[in-house]
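These notes concern the structure reproduced below.
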Amino acid sequence: MLPWTALGLALSLRLALARSGAERGPPASAPRGDLMFLLDSSASVSHYEFSRVREFVGQLVAPLPLGTGALRASLVHVGSRPYTEFPFGQHSSGEAAQDAVRASAQRMGDTHTGLALVYAKEQLFAEASGARPGVPKVLVWVTDGGSSDPVGPPMQELKDLGVTVFIVSTGRGNFLELSAAASAPAEKHLHFVDVDDLHIIVQELRGSILDAMRPQQLHATEITSSGFRLAWPPLLTADSGYYVLELVPSAQPGAARRQQLPGNATDWIWAGLDPDTDYDVALVPESNVRLLRPQILRVRTRPGEAGPGASGPESGAGPAPTQLAALPAPEEAGPERIVISHARPRSLRVSWAPALGSAAALGYHVQFGPLRGGEAQRVEVPAGRNCTTLQGLAPGTAYLVTVTAAFRSGRESALSAKACTPDGPRPRPRPVPRAPTPGTASREP
């Protein structure tokens, strides 16, 4: 009976602590921040695709708790010039924002996404233009995958400001570029979905958006090739506890770095890191007053050469200077166009241009997998060839096909496209043998 008595006392003590609030975690805080939808409204999108995407954005925003001083939403169109359908703070409910999204018209014109991103940074996300300081900022870019101007540099500037970037592509575009443009990890922030299946990701994406806008959210800013700044809202005080901050390279779990910080700390700079590397960060609040869950984040440093430096406790120490990656040589230009042909229920042909010789390229990797999820497959194509036939496909299925050129310098360049196999032929009905006519003998074959 003694073990059961001890167990009962332990449970009673735990319940009493929970009722007193000593072990109770903080209540679920309402999301607060600025959410921008960047919608491809150019002529590269068909009217049908635009209507489906518009309905998708409306479904995303309808249940959101919009309101003054809380969560605000904005919609910007991508075209020859960016166009603001409605700015932050115009709508005080998700239903009103949904009605405005549904009433929006396609702008047509060129796909100047980079220009729209610069506009978003200067006119909407900048504090000088009325943006709220200290609140989470999220960008949801819905695109058909292509852009007439560079997207990488202006998108990186937004992420350096602390903007969390989600990307939804309807199946075309450069997979590597979109992965780099989205916030890390890409598997959480980048979605390739057929335009008729966008409803499948509504609930998951909305939940991810709300998680990114919680006040307790740990986030990274000032990301360079050799470091980044971590920031978080005040969760503790100097008297109520302390933080343990852990940094682990994703590919080297044994190379962890740890730092203990006082309870009144709200940021920290990690420096002296490797370029173009994923790091898993954990912020663990330790307190005897209340139980707080650890916060986990993955951050990818920018490409370039690592610079000297070490992390320091000074909030204003500043990150290491930004190292810009060298631009690829002209002869290292990757695939610029993909053509899908000879589509059969279980195969299709993929061609691309330009074709690169063995002097510049080692060859091509062609990766393909179902858009709705499934195992991806890979085919190797030697340099000098610019086509291959994909076999063993499923009838009536949409695939994402990515052609990656591997250069001798170690660089890679990729382009993605959506391909669909037709439905297979219906099986022919087997002939029913006819009964012999009365009075006649059946013939042997």
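Here the Cβ of each residue, glycine as well, is placed from N, Cα and C on the backbone.
Annotation source Swiss-Prot lists compositional bias 'Low complexity' at 311-325.
Annotated domain 'VWFA' per Swiss-Prot: 34-213, in sequence order, evidence recorded as sequence analysis.
Residues or ranges marked as domain 'Fibronectin type-III 1' by Swiss-Prot: 214-304.
Annotated N-linked glycosylation site per Swiss-Prot: N264, in sequence order. N264 (N-linked glycosylation site) falls outside any helix or strand according to DSSP and counts as coil. For N264 (N-linked glycosylation site), the Cβ neighbour count at a 10 Å cut-off comes to 13, with all displayed protein chains included.
DSSP assigns S74 (phosphoserine) to a strand. Shown in sequence order, D34, L35, M36, F37, T84, F86, P87, F88, Q90, L124 are the residues of the chain, 6+ apart in sequence, with a C-beta less than 8 angstroms from the C-beta of S74 (phosphoserine). Summarising the annotation, Swiss-Prot assigns phosphoserine to S74 (among others) and lists experimental evidence as the type of evidence.
Under the heading phosphoserine, Swiss-Prot lists S80 (among others). In sequence order, S42, R107, G109, D110, H112 constitute the residues six or more apart from S80 (phosphoserine) in its chain with CB-CB distances below 8 Å. Look at S80 (phosphoserine): DSSP puts it in coil.
Cβ neighbours of Y83 (phosphotyrosine) (same chain, under 8 Å, six or more residues apart in sequence): S41, V76, H77, R107. Positions annotated as phosphotyrosine by Swiss-Prot, on the basis of experimental evidence: Y83.
In the three-state DSSP assignment, the secondary structure recorded for S93 (phosphoserine) is coil. The local packing around S93 (phosphoserine), expressed as other Cβ atoms within 10 Å of its Cβ over all shown chains, amounts to 14. Marked as phosphoserine by Swiss-Prot on the basis of experimental evidence: S93 (among others).
Residues annotated as region 'Disordered' in Swiss-Prot: 302-325 (among others).
Annotated region 'Disordered' per Swiss-Prot: 411-445 (among others), in sequence order.
The helix, strand and coil residue counts that DSSP assigns across the domain 'Fibronectin type-III 1' (214-304) are 0 helix, 42 strand, 49 coil. For the pair N264 (N-linked glycosylation site) and S93 (phosphoserine), the C-alpha distance works out to 35 angstrom.
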